[in-house]
Structure formats: C-alpha cells, structure tokens
Amino acid sequence: MDKIRIVGGTPLNGTIRIGGAKNAALPLMAAALLTDGALVLEDVPRLADIRSMSQLLIQHGVQIDGAEEEGEAPPAADAPGQTLVLNAGNVHNLRAPYDLVRKMRASVLVLGPLLARFGRAEVSLPGGCAIGTRPVDLHMQALQALGAQLQVEAGYIKAEAPDGLVGAEVRFPFVSVGATENILMAAALARGETVIRNAAQEPEVVDLGHCLIAMGAEIEGLGTSTVTVRGRDSLHGARHAILPDRIESGTYAVAVAMAGGDVLLQGARADLIATTTEVLTRAGVEVIDETGAAVPGVRVRRNGNGLTGVDIMTEPYPGFPTDMQAQMMALMTGAEGAAMITETIFENRFMHVPELARMGANITVHGASALVRGVAELNGAPVMATDLRASVSLVLAGLVAKGETLVNRVYHLDRGYERLEEKLGRCGARIERV
Ligand SMILES: CC(=O)N[C@H]1[C@@H](OP(=O)(O)OP(=O)(O)OC[C@H]2O[C@@H](n3ccc(=O)[nH]c3=O)[C@H](O)[C@@H]2O)O[C@H](CO)[C@@H](O)[C@@H]1O
Ligand SMILES: C=C(OP(=O)(O)O)C(=O)O
C-alpha cells in the first residue's frame, strides 16, 4: 500500500494551484439527479471521493462524460480540474447500496433528489466513521416534514412520497451541512414554499444553491440562517464552476506557515478562508489577499520569525472550520506558548493527537479540548491516521520534523487532496509517494 515519505526541514517557495472544493462538488454531482437536462460541472477535483460519487450515480443510471479514466496520463499539478457532464435522463435504479454508501458518507445526498424527482428512494444508512457517530436523523426528519414517509429497514432508509413532496417549515435544532443540502435539493422540486431555519451557511451550501438557481430553482437567503425555496415542477440543465476548496487552501497556508517561505495559493479566495487567515495572522504569519493580481489568489509568507500559540474553537461557518482543526493543531505544536484547541462539531476528532505526540508534540486532551504546548522541534516517525484531515496534519508535521516521516494509509489523503506530494514537492518540499 502507498505511503508518503517526507524529509523535513526545507522551506516552501512557489505557486500551488487550489482545486475545486470536494465538499461542493459532491452535493453538486448529486444535484444532477434533479433534472433530465445535462449538468455541466467545471473544476471538479480528481479525488477518490469524486470517483466514489460517480460510481454511485452511474449505478443509478446517470451518464457521466468527461471523467478522466484511471491510468490516463496524469495532468500537471497546476492543471485545471475536470469538466464533468452529468445526465440523469435515464435513471433506472433508486437504490443506493451499502457497498458504495459506506465508502463515503456524502452518498446520503442522493436521498433528497431521488425522492423529490421519482417519489421513492432506498439509501443505505452511511453509519459512523472515525471522527464520530454522524447520524442522519436531521436529513430524515426534514424530508418527513416535506411529507415523505420514511422507515429504516435492514440498514436502509426506505423513503416514499408517491404524491410528491410538499413545501413546509423545517427548523434544524443545530446546524448540519449535509441535512441543509439534502433538503435544499428536495425542496427545489417540492410543491409550494419551504423555509429552512437554522440552515448551514457554509460556502459549499451557497455554491449548491447558486447551481440550483441556474437550474431554474427559486431560492432566497443563501448564506444566511433562513433559506426560502419555492419549488418548481421541474428543473433544467445548467453549467456551473465549482468554488475553490477553502480547506485545501487553508491546509497549504498552514504548510507555508510551518515550513516558512513564500507561496502563492493560486485561485484561493481570501473571503472563504477568513477565520484561518485570522488565526495565522495572530500566530505571526503574513497572509496577503491577491484577488486583483494578474494571477489571483492568496499569498502566504513567513520568513524567519517564530510562531505564537493561538486558541481555536471549531464552529459552523462563519466560525473556524472543523476540517482545519487538525492542521492548525500541527502548526501549534511548534508555536511559542500554549494553544487551547476546542472541537465542538465532532465528538472524536482528535485522532491525530497520539500520532503528533509520537513525533514529539506536547498535547494534553481534556474532553473536547486539547492543550498544545509548543516544543522546539518535532522528530520524524512512521505515523498513521484514520481520517482525511488527521492524515494531512501528519504530512504538515513531517514538513518541519527532523529526519524522515512515513505517513501510512495514504488513501485517506487521496479522498481530499489532489497530487498533494507534487504540489508540495514543486515548492521545495522533500516529499514522495513510496
Ligand atoms: C461532504 C461534506 O461536505 N462534509 C462536510 C460536512 O459533513 P456533514 O454534512 O456530514 O456534517 P454536518 O454539518 O451534518 O455535521 C455536524 C454535526 O451534526 C451531527 N448530525 C448531522 C446530521 C444529522 O442528521 N444528525 C446529526 O447529529 C453530526 O454528527 C455532526 O456532529 O460538514 C462537516 C461540518 O462542517 C465537515 O466536517 C465535513 O467535511
Ligand atoms: C470530514 C470530511 O469529509 P466527509 O464529510 O466526507 O467525511 C472532510 O472533508 O474533512
């Protein structure tokens, strides 16, 4: 099985192209199920999760053109993402099987669109994963509010709405990105008006909303906590460019902050990474918005100066993202003083802690908080993590650790980072896949 080998100690200089957001691309691909027209998605990243979603949609009967075949000559690390053309004109299977859903939790996003368009769907329960139990009760309750009959049988959600879904008020008890996306898609084809209260405001939810509007949906309040959807009888095809990945942007920003150097994150949008920038700036890193420049993006720079510990608490957007928590913890292991990092979204998202500790980090976990006391240096070691962002935090630690770090279970990284080792390698990191 592939591993990533890193020899720490070199600064990063150059340009890293930021790809389209995984967490926007996945719901957008599911949205193709809402219409028999062609949905053209631009800048789709080449990631394992995208291939998993493609497999799921194809078995429902969706035709997908433009996807690069596995084994096809790989484009350069700065090449734009793929353009996929999805056509759900011949959907013949309304069942999302366990074998595909268990690979990727975002598979549950086909539930709303299938039910809304075809009046029936059967989707395997995704189950928990390394970062938490992650139930889908809010998705189900919201669809029930729109008139769907749902029951769980033999591990499958069996959903029916023979006379179609009907708009209603849906009030989420707490913010859920996925549940907001599922109900947004379902409501676009429901009869009448749906008002979603306590809706997720994440940029990926807004991006999905913009695409649905381009497909003919009527939606107001995107990016606020109250979103109103007036349902349509049908939607049509559209073309949509996926927004840049704010977590990939933040991850490479942290890489530069840790390793030092000067890197342009080409295509990154400063407005999407404001909380990450704020933490980095307070820690002593220079982050420059180059939106208007010839090559737009965000420049990250640290030359010589030390880092200061900054406390962090994860929260729904616009708060600090849980998907950046592990990376920021890696940064704080080398900061002067202490940093308290509190995780409020997932109950088990500190799996990187024992591995970072193996590299010499000083971290104590108290419930949902981790107290990180900066150390003078980390030491390379063989490490392994059980989820995507925990894994990448170990790569980041490897960039500054003394000697060699070998990160196992690279398939976690391939879920969310396209050509990670090439992007970092081109900026001077000593990193390779072995
Ligand atoms: C593919 C994708 O976009 N994934 C992101 C999405 O995940 P995802 O959409 O799964 O995350 P949610 O916002 O739904 O989860 C937030 C919290 O709500 C809980 N919950 C959620 C739904 C539900 O029905 N019941 C329930 O209890 C979850 O267990 C979690 O504790 O948002 C998370 C929070 O920003 C990110 O970390 C993930 O990277
Ligand atoms: C947790 C993540 O993804 P998923 O929701 O697909 O597990 C992530 O992108 O960090």
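Using N, Cα and C of the backbone, Cβ positions are placed for all residues, glycine too.
The UDP-N-acetyl-alpha-D-glucosamine site in TrEMBL is built from Arg105, Arg134, Pro135, Val136, Asp137, Leu138, Ile345 plus one of Asp99, Asp323, namely Asp323. The UDP-N-acetyl-alpha-D-glucosamine-binding residues named in the record, Arg105, Arg134, Pro135, Val136, Asp137, Leu138, Asp323, Ile345, extend over a maximum Cα to Cα distance of 22 Å. Comparing Cα positions, Pro135 (UDP-N-acetyl-alpha-D-glucosamine binding site) lies closest to Cys129 out of the recorded positions Lys22, Asn23, Cys129. Taking Asn23, Cys129, Arg134, Pro135, Asp137 as the candidate recorded positions, the subset whose CB lies under 6 angstroms from any atom of ligand 1 consists of Asn23, Arg134, Pro135, Asp137. Residues Arg105, Asp323, taken from the binding-site residues Arg105, Arg134, Pro135, Asp323, are distinguished by a CB atom under 6 angstroms from ligand 2. Asp323 (UDP-N-acetyl-alpha-D-glucosamine binding site) has a Cβ environment of 24 other Cβ atoms inside 10 Å. The predicted model assigns the domain 'Enolpyruvate transferase' (8-424) a mean pLDDT of 96.
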